[in-house]
Every structure is written in C-alpha cells, then in structure tokens.
Amino acid sequence: MKNLTSFVIVILLQSLLFHVYGRHQSSSKNILVDSSPFPSDFLFGTASSAYQYEGAFLTDGKSLNNWDVFTHKNPGKILDKNNADRAVDQYNRFLEDIQLMSFLGVNSYRFSISWCRILPRGRFGEINYLGIKYYNIFIDALISRGIKPFVTLNHVDYPQELEDRFQSWLNPEMQKEFGYLADICFKHFGNRVKYWTTLNEPNQQLILGYLTGKFPPSRCSSPYGNCSQGNSETEPFIAAHNMILAHAKAVNIYKTKYQKEQKGSIGIVVQTSWFEPISDSNADKEAAERAQSFYSNWILDPVIYGKYPKEMVDILGPALPQFSSNEVKNLEKSRADFVGINHYTSYFIQDCLTSACNTGHGAFKAEGYALKLDRKGNVTIGELTDVNWQHIDPTGFHKMLNYLKDRYPNMPMFITENGFGDLQKPETTDKELLNDTKRIQYMSGYLEALQAAMRDGANVKGYFVWSLLDNFEWLFGYKVRFGLFHVDLTTLKRSPKQSASWYKNYIEEHVNRRDIVDNY
C-alpha cells in the first residue's frame, strides 16, 4: 500500500510538472500565463493623498487649503467632527511609513502634492522652498528603497485664497494657476518622478462640490442638495470644463518642456463604478450607458477624444460648455499617456428619462436621469457593507475594465485606487480591525477580476491599494478605515492588519511566478 501511494504521488508530480513546463516550451511567454498575467514592469503599490495623510497643519509655510477651512467651519458635517490638521502625520513620519512599504514589498507609492505647501498663495505669492525641500527628501527616500514615486499634482485640496479671490474651478483663471503648479513640480521633481497624474477624481469632486454640495465649496441647488449658493444644473459643468482644460495645460507643459529629457509619462485619475441595468429593457440599458457618460466618460472622453459624451450633449444642451476649435486642438495634442482608474463599487441603474422613477441619487437631469440602486427586489448588487456606498462586486470591476478597454482601445491603465472600508462602530475593538478578513476577501476577489480583465486584453500597468494607512476619509472622518496598517488615533502607532501580510504574500507570489517565466 505504501509503495502504491508513493507511485501515485510521483505520477501526480510528473503530471503537474508537465502541465507547468511541458506546454509551449519554445515560448517562455506562455509558461504560467494562466497563473499570473502581471508583466515584469507591473507596479504593485499603495495610495494616499496629501490632505488625508500629511498633517503638519500650517507647518513650514503651508497655507490654509479649502478642506482646512471647510472642516474648521463645519465640524458637524464630518462624522466624528474631526479634521486632518494632524491626520496620520506622514509629514514627520514618512521614513517610518516607507519602512512599512518595504515590508509589503511594493515597488511604487502613489501620493499627492499639497498645493498649499508649494504655492501657499498660488500665483499671488512666492514659491515655498521648504515645501519643495520636503518633497525632494520624500521622493529621494522612496527611491532609495526601490519604490517608484507615482505623483498626483492635485487631490482635491487647493489654496483657500484661490476660492476667495475668484471661486477657484468656476473661473478660467484656475487653469493658469494649475499650469503654474504643474510647471514648478515638473521642474523640481520630474528628474526622478516617472509617473504623473494631473487631477484625482475630478468627476467625483465636481459631483460632491458643485452638484450635491457635500464637499467644499459647498455649492448646489434643489433638488440635488441644500446649499446657500450654487446651481447644480450649470456649475458642475463649468467647473469640469476648467478642470479638463487645466489638465490639458499641465500635460502640454510636460510634453513640450520636460518629457523628452525626463522620460516620464502623465495621465489623469477618474473615479469609476460599474452600472448594471436593473432589467433587460432597452430603457434601462440606455440609462446605464448614460450613467457612465455622466460619470467617468464625462472626463475621459474630452481628455482622450476632445469632446463630451453624446448622451451629455443630448440631455444638457446649452448648459454644457463647448470646446473652441483651439481648445480641441490643445486637447488632441495633450492626450494623456495613460488613465488612472479608481474603483470601489457597483450599482444597479434604473431609467428615469422615459419611465416613472423614484427620486434619488442619479434620477435628475444633471445626473443623466439614471437612478442608482443597491438592489433590485431582494437581490443586492454584490455583498452590501457597513459603508453605505460600497458593495462588494468583483464581477462589476471585471466588466468596468472591459468597458474601458473597448471604449478607449490601447489606452494604458493603472488601478490607482481600490480598497475596502471598515466602519468603526462604538463597539468595534482594535482586535477586530486588525483581523480584517473582509478586506482580504475584497482584495482577493478584485485582484482576481483584474487578472481576468488583463487576460481579456485590458492594458493594465499597475495596482494601488487604497490605502497604506487608516486615514482621514473626508466626510467619514476617521470612522471608516481603509488601511492595510491600523493607526491608533491617539498615539498614531502603525500596526499591520492581516491584510498587510496577505498583500505582501500576494506580491511575493506573483513576482516569483513572473521570475520563473522570465528565467525559463
């Protein structure tokens, strides 16, 4: 019996080795391709942003930004009535955080520049060289540990003075301000930064800042929100127009002045969600397409094709600004080298244009008459979570990447944010937060979906987990935790969650598989 068992084991091992190495021996590219589609230059990283991480409020010449003012004036709008004056103090603890990155084995780190550290008053004041010095030291420290900086020029925070002087993104002057910021950053950091993005999630920033008014500058009108100023059916599109042209200005500066010598690439980051028609009716299918047009395509179509989506033009008419012939030419010659995709969740979509529809998120004109729902009847769109906007639906992520692949052929993509949020309830213990099995389940499912999309032909070049650390999560304050590392809000001590070890092992496993392929 023992000999028979040994014989069976030998046969099984031979079969496995033949399966792995025996097929297509003449082409190493095919070996283990079913196991790991990640190429050798694929970026595995974590993501952050200046306001959510740095802290160091007004330190070393930093000025007030829009979120400083918003959180100080309106603490009641933040779930825990907090702000990011201290945040997780990465400004002073970045060397410790780079050690955590090294533990994970990531080869890239996505962070953003604090506009207020570099240009406290925009073009109305001087460059703050203490801010330049900080980012130079930070970038050098990352590179010394083999971690590539992946830098966002602006992640929603900007000098409050620009809001006070000319209403920031509602004014074309903001294009000049942003171009000036970009030029300074390329000049001082571009010899080491090879991956740039201009704006983070302009579509989400526009919706929350100018449509519903939940984010600064808190502008909106009924029925979209309750604000003291603003017009939800015109201002989001005016601000978007200026953001898109500001992006093009920054890209043009990089491509004409710096790219040839610095040999980097530049793109933009948008928020995406998968929108699944709630039924097989043509009306709901068309509504799902409108939902995409009024969300991610709103930004991506202009920066890639130089025009707004047809669905937006048809519904909004003259409320949607038009690009001049010169602006179209500038957009065409300032085409992004890649796009960054932030993705967390999915929704069912119900038509509200030709059908009777309840009021709710997405149901009105400026949203495309496409109602967003988390369930149809008793069936939910994936697994619902304690975070009201996040639903676990890896299949939707797979569909989203294929949709982008088909709409923007051959455009390289980076998954610049993807992660799972734990809502900290009064009864939640630190032990429960550290034992984050639900986050592991989420990441495993979404990374599997990513691999499937890459096998389908999606040109994805990197994946960044949101986030390295628990941090200030906007209106949720510190009550929603996205980090691979737990942060004690009193001591700021960083402690690895189970997901940190899981991600470390995942990276090691796929890098090792890659090495087998490359060396075979």
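Cβ atoms are placed via backbone N, Cα and C, with glycine included.
Keep in mind it's a predicted model, so treat the numbers as computed, not measured.
Annotation source Swiss-Prot lists signal peptide at 1-22.
Swiss-Prot lists Gln52, His155, Asn200, Glu201, Tyr344, Glu417, Trp466, Glu473, Trp474, Phe482 with the feature beta-D-glucoside binding site, giving similarity to another entry as the kind of evidence. DSSP gives Trp466 (beta-D-glucoside binding site) a coil state; it is part of no helix or strand.
For Glu201, the entry in Swiss-Prot reads active site, proton donor, with the evidence type similarity to another entry. Mapped onto three states, the DSSP output places Glu201 (active site, proton donor) in coil.
Positions annotated as disulfide bond by Swiss-Prot, on the basis of similarity to another entry: Cys220-Cys227 (among others). Neighbour density for Cys227 (disulfide bond): within 10 A of its CB lie 18 other CB atoms from the protein chains shown.
Secondary structure from DSSP puts Cys357 (disulfide bond) in coil. Its Cβ placed at the centre, Cys357 (disulfide bond) has 17 other Cβ atoms within 10 Å. Residues or ranges marked as disulfide bond by Swiss-Prot: Cys352-Cys357 (among others).
The Cβ of Glu417 (active site, nucleophile) lies under 8 Å from the Cβ of Ala47, Arg110, Val269, Asn342, His343, Tyr344, Phe464, Trp466, Ser467, each of which sits 6+ residues away along the same chain. Residues annotated as active site, nucleophile in Swiss-Prot, with sequence analysis given as evidence: Glu417.
Shown are the disulfide-bonded residues Cys220, Cys352; the one with the most C-beta atoms within 10 angstroms of its own C-beta is Cys220. Cβ neighbour count for Tyr344 (beta-D-glucoside binding site): 23 (other Cβ atoms within 10 Å of its Cβ, all protein chains included).
Closest to Cys357 (disulfide bond) by Cα-Cα distance, out of the recorded positions Gln52, Glu201, Cys220, is Cys220. Note on proximity: of the recorded positions Gln52, Asn200, Glu201, Trp474, the one nearest Cys352 (disulfide bond) is Glu201, by Cα distance. Shown in sequence order, Ser49, Ser112, Thr152, Asn154, His155, Val156, Val269, Gly340, Asn342, Thr416 are the residues of the chain, 6+ apart in sequence, with a C-beta less than 8 angstroms from the C-beta of Asn200 (beta-D-glucoside binding site). Reduced to three states, the DSSP call for Cys352 (disulfide bond) is coil.
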